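Visitor: Pasting a structure below so you can have a look.
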Amino acid sequence: EVDIAPNFGAELKDGFKPVNAWVSNGIAWLDDIQQFYRERSAIEKEYSQKLSALAKKYFEKKTKKQSSLSVGDTPTVTPGSLESASMTTWTVQLSTLEQRAAEHERYSAQLINNLAQPLQALAQQYEDLRKQHAEYAAKLEKERDGVYGELRKTKGKYDSVCQEVENRRKKIENSFDHGKTKAQGAYQQQQNDMRNTKNTYLIAINVTNKQKERYYHEYVPELLDSLQTLSEAKTGALNKLWMTAASLETDTLQRSLRLLEHLSGEIPRNNPVLDSMMFVRHNASQWQDPPDFAFEPSPVWLDDDVMASDPASKTFLMNILSKSKASVGELKRECDAKRREVEGAKRVRQAIREGRDKRDELQVVRSQFYHQEALHEAERKMITAEIEVSTILSSVGDVTVGARKHAFRNETFRLPTNCDLCGDRIWGLSAKGLICNDCGFTCHLKCELKVPADCPGELDKEARKKMKAERQASAQAQAATLEPPTSNGASSPNGTGHRGSMPSLQRSDTLGSMNTLSSGYAASAQRSVSALTVKSTADNETQQPTGRHRIVAPPPATYANGADATAEDEQHGKMLYAYQATGDGEISVSEGQSFTLMEPDDGSGWIKIKPSSFGASPGLVPASYAEIVPQSPFADRPMSTAASASTVSLAGSDSGSVKQKRVGPAVAPRRGGAKKAATPAKKQVEALYTYNANGPGEVDMEEGERMVLVSADQGDGWCEVEARAGKGVVPATWVKEV
């Protein structure tokens, strides 16, 4: 509130120009306001149209999906015109949206008719009045300037009369006696005119001052007060229109609010059970459990549904029974824990629905579903284990009584190792197997359930080796009885040499033997420790070179099976297809090219190799273009990589066939190339004695010769070195590190 109302005339005096500009700006602002309401009206109208279009669009969608959402796609009972409770509630929401669209269209028209147009007319009226004030102010100013001009003219006339009097006086002084009388008369007359003109000038001054006073103290202040009144009247009219705008919008919102209140009252009537009830009533049908599965004999092997109970089958069933019985208790505890978690989530969900818990129900449902899945998996495992136990017990009884199970652990065999059960290699794709912590029994993962429970208990290293040899001999003997004969009906002759008889290499059925070697040869090439013969010291002493005395030392006392070694031998292979290098780090190789594997495939689809040809550089090739063929270790020592280029002819080989050039498979893109392998520091050893190679893979060395240590002794009494004579293995006790 204002205590003292301001007065433009008293406060601003000669301030018509700024006051007039201010009032003019205020009146022009009315045009902005009416434009605002016109644009607001356009927005409301557009919003109304969009709401109507939205409601129409979803009414059409509802019509198309009404039946499937209410009773499903294939109801057994036709619903007719009925719709579910949720669809009815959705109809109310769409109807409410249409009504709100109509309210916004109505409000849009009111903004134009009740606000924009009155504002436009009001602005025109006030602008006309302001212009009249401006014209009147210009008239007053013109009158003032006219008075000032008359005063200036009077002053100029007075100045000229005074100058004429002075001229007459000078003329008297310069006139002769006969003309002085006349001159004095003219001078006297001029003085009278001067006095009259002076009086006129003084009167004009007073008149001008009075007019000036009235102009600045009456005329202009009254005009300013009138402009002030005009501006305040404009503001009052604008306030009325603003109140009208607020009232119109309030009425619109109240009508929309009543529509929403009606909608809010309809939503709670949509009981979630009603949709389920309608769906069930329109989809109920007679249903029976599917029949149980029964044993169906193979069309090529007639059999019955009696469980096999021969010794091998009992061993298999015993292993299954042991595993299942051991897991039932743990699975029951796991199921109980998971069930408690599910029940807890259900209680929290119920509390959320009742309003006693403020947590997000969606997150609780997600947690419940996660625990439900975990419970389902645990229950499936538990049911499987329980049925396995009950089935086996009812068929063959408890065959686990008195069993001495092996304490198996998972093991990845980096060196070629034979399974103690089937005799096949644990190598390549099946390099992962099992080994007993107590007795050292090794087997494939697939053979675990076939292993008899006859673990002798914890054994020392020597006992393990002996037991290993016996198991291998038994496995090889059993495998030999299952191998098919050669093409001539007899086994291939064993080679003669210092190592005694050895089984021949021959092609075998890879499906029957489950051999994991990529070359497809049978595992009968594995040697047994019992088949080896050690050359005596006397035989070594007979090999004396000429020109130098050699110190001959006894050979290593024992040779361990290569399966117990943990050193990582080099791997070799050959190219299945020719490859042409296309990028940095790659090399071009031909089909059939043999190589040494330097870096295996790390998941990128590429391997790093070094071709066996002289002077070839290592590089990258696609892993799918190559075949990795691990070397067959001898029973008494690891095979050196120097013996990879073997010239032994295999029975039944296809070396005479003509090879045709083949196209390799698609090459996987390189992911940044192969990693550069770290190069370990090279160790050197010195020969304590002179040694002559006695078999493949060994190398000669001279007493005192220094060599590079490639692979240290892994417990088998041999080490691999790179000597002047080449690369191979020598007795580990015949060298020393330097």
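A Cβ is built for glycine as well, from the same backbone N, Cα and C atoms used for every other residue.
Where the annotation comes from TrEMBL, it is an automatic prediction and has not been curated.
Given the structure is predicted, the values throughout are model-derived calculations rather than measurements.
Per TrEMBL, the features are:
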DOMAIN    6-275  domain 'F-BAR'
COILED    94-146  coiled coil
DOMAIN    405-455  domain 'Phorbol-ester/DAG-type'
REGION    466-516  region 'Disordered'
COMPBIAS  484-495  compositional bias 'Polar residues'
COMPBIAS  503-516  compositional bias 'Polar residues'
COMPBIAS  532-546  compositional bias 'Polar residues'
REGION    532-557  region 'Disordered'
DOMAIN    568-631  domain 'SH3'
REGION    650-679  region 'Disordered'
DOMAIN    680-738  domain 'SH3'
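Help me see these features in their spatial surroundings.
Guide: Looking just at the domain 'Phorbol-ester/DAG-type' (405-455), the mean pLDDT is 83.
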Visitor: Count the Cβ pairs between the domain 'Phorbol-ester/DAG-type' (405-455) and the domain 'F-BAR' (6-275) that lie under 8 angstroms and are 6 or more residues apart in sequence, then report whether there are at least 3.
Guide: no
Visitor: Using DSSP, what's the helix, strand and coil tally for the domain 'Phorbol-ester/DAG-type' (405-455)?
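Guide: Across the domain 'Phorbol-ester/DAG-type' (405-455), DSSP assigns the residues as follows: 6 helix, 18 strand, 27 coil.
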